[in-house]
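Chemist: In case it helps, TrEMBL gives these features for our protein:
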{"type": "COILED", "residues": "255-282", "note": "coiled coil"}
{"type": "COMPBIAS", "residues": "487-501", "note": "compositional bias 'Polar residues'"}
{"type": "DOMAIN", "residues": "24-501", "note": "domain 'Major facilitator superfamily (MFS) profile'"}
{"type": "REGION", "residues": "478-501", "note": "region 'Disordered'"}
{"type": "TRANSMEM", "residues": "25-50", "note": "transmembrane segment"}
{"type": "TRANSMEM", "residues": "70-89", "note": "transmembrane segment"}
{"type": "TRANSMEM", "residues": "101-120", "note": "transmembrane segment"}
{"type": "TRANSMEM", "residues": "165-194", "note": "transmembrane segment"}
{"type": "TRANSMEM", "residues": "217-236", "note": "transmembrane segment"}
{"type": "TRANSMEM", "residues": "353-371", "note": "transmembrane segment"}
{"type": "TRANSMEM", "residues": "377-394", "note": "transmembrane segment"}
{"type": "TRANSMEM", "residues": "415-431", "note": "transmembrane segment"}
{"type": "TRANSMEM", "residues": "451-470", "note": "transmembrane segment"}
Amino acid sequence: MAGDHLQVLDALDTAKTQLYHFTTILIAGMGFFTDAYDLFSISLITKLLGRIYYTTNLNAPKPGTLPPKVSSAVTGVALVGTLAGQLFFGWLGDKMGRKKVYGLTLILMIVCSIASGLSFGKSPKGVMATLCFFRFWLGFGIGGDYPLSATIMSEYANKKTRGAFIAAVFAMQARTGFGILTSGIVALIVSAAFDHAYNAPSYADNAAGSTVPEADYIWRIIVMFGALPAALTFYWRMKMPETARYTALVAKNAKQAAQDMAKVLNVDLEAEEEKVEKYADKSSNSFGLFSREFARRHGMHLLGTTSTWFLLDIAFYSNNLFQKDIFTAVGWIPKPETMNAVHEVFRVARAQTLVALFATVPGYWFTVAFIDIIGRFTIQIVGFFFMTVVYVCSGVSLRSLDEEGQQDRVRDNRGRRGAIIGAFGFLYAAQPKDPSKRDHGYPAGIGIKNTLIVLGCVNLLGLFFTFLVPEAKGKSLEEMSGENEGEQTAQGDGSNRTVPA
């Protein structure tokens, strides 16, 4: 088996952890950081957008909110773009190479982050239409960055600590990492500065004066800040060499792969053109994604991987949309009429930042530390189990809250947020049946408490589908996919299943 291996790939798999690993984590992680910031900062400003552009009746008991269709579009259109971008740039990355496409996605993210904050016009329709347009293309770039960042890190990592390195890249995103934390901190700083400068009255005291004209700058600054980390990363991304696995195995350029990795690893490597040609001619490596051979080898693994990620995303993104309502229910955020527009941004950002800082960030970095020790399978099972418990218990607690009128017992409701279904479906599902408690313009839903219980069931399904994904701890990418021996079986799980890539 060792004789068929390319020296450059063996060198990557067995390399000691060194500076280039951490450099790659930072460069790839900044992409995830930007992705998360851009996707989730929108939840911090939706209430402000409603106050600025949809407060049409100053005699109403509450300030204006985004209409249902507008709220769904503003929040979910970037996720639609993300789905399209994943498919397009994932395909393009296999055709043109990771490095070239990596630069394209970053440029698109920078331009669209800035353009989103410069949304044209002053009318609600004009601003929302251009905001949604640019957020779609922002999501398109983000969608391309997701698979490329993860692929680049996995192809650069050694097999001993690959799990930790990939986890560290993912730790830069969303509520599980620094992206959402930074979006909350930026929102806190900007809103605190404006609140101090203008000191507007609450809506109940003075409806017209509670939203100062300068509040329109707040959401624009928060949105445009997402371009900064992407811009800072661009130079270093362009300096990275193409991954050796793409150069050698896809582009079939063994000499270039050896030269690139020799510089990275600071070792002498042979080109081994004959081995690359032999590898390319192997019939066991020539089957396509939709072939029977792929289905036989990896069909169940693909089902397990895609289904668990899909189910996680439903929970992950959906709670992002109604967590501000949970914060209000448990007393973390006062009722909107008791605050001015700027202070409401501050209170929402503070609540979200505290949850991220003291709950999910430590949990995620625990995974980074132990994923290559206890394995991916165990961590995923435990993660889905506890999310199921948290969601169901939170729903039951909120049910008790409604029945007993108490608040202090449920101050720890939190969870993940999830994909397009979460963005559109659960936005409506979380609406209460009582019209007096419902957001203006929304139909009756099943309420937050029942929505949380449904999301608990979603996570339970994710736990079951995890059993289709075998352990990959300590294996190289070629060992997992069976590319070197036609069909390599899993080691250490007591089965004869083929391990997926």
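Cβ atoms here come from the backbone N, Cα and C positions, even for glycine.
What does the local environment look like for each feature on the list?
Modeler: Same-chain residues lying 6 or more positions outside the transmembrane segment (217-236) and placing a CB less than 8 Å from one of its CB atoms are 23, 26-27, 30-31, 33-34, 37-38, 41-42, 44-45, 48-49, 52, 103, 106-107, 109-111, 113-114, 116-119, 183, 186-187, 190-191, 194, 342, 345.
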Chemist: Checking distant contacts: for the transmembrane segment (70-89), what same-chain residues at least six beyond its ends satisfy Cβ-Cβ under 8 A?
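Modeler: Distant Cβ neighbours of the transmembrane segment (70-89) are 38-39, 42-43, 46, 49-50, 54, 101, 104-105, 124, 128, 131-132, 135-148, 317, 321, 419-420, 423-424, 427.
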Chemist: On the 0 to 100 scale, where does the mean pLDDT of the coiled coil (255-282) fall?
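Modeler: The answer is 76, the mean pLDDT of the model over that range.
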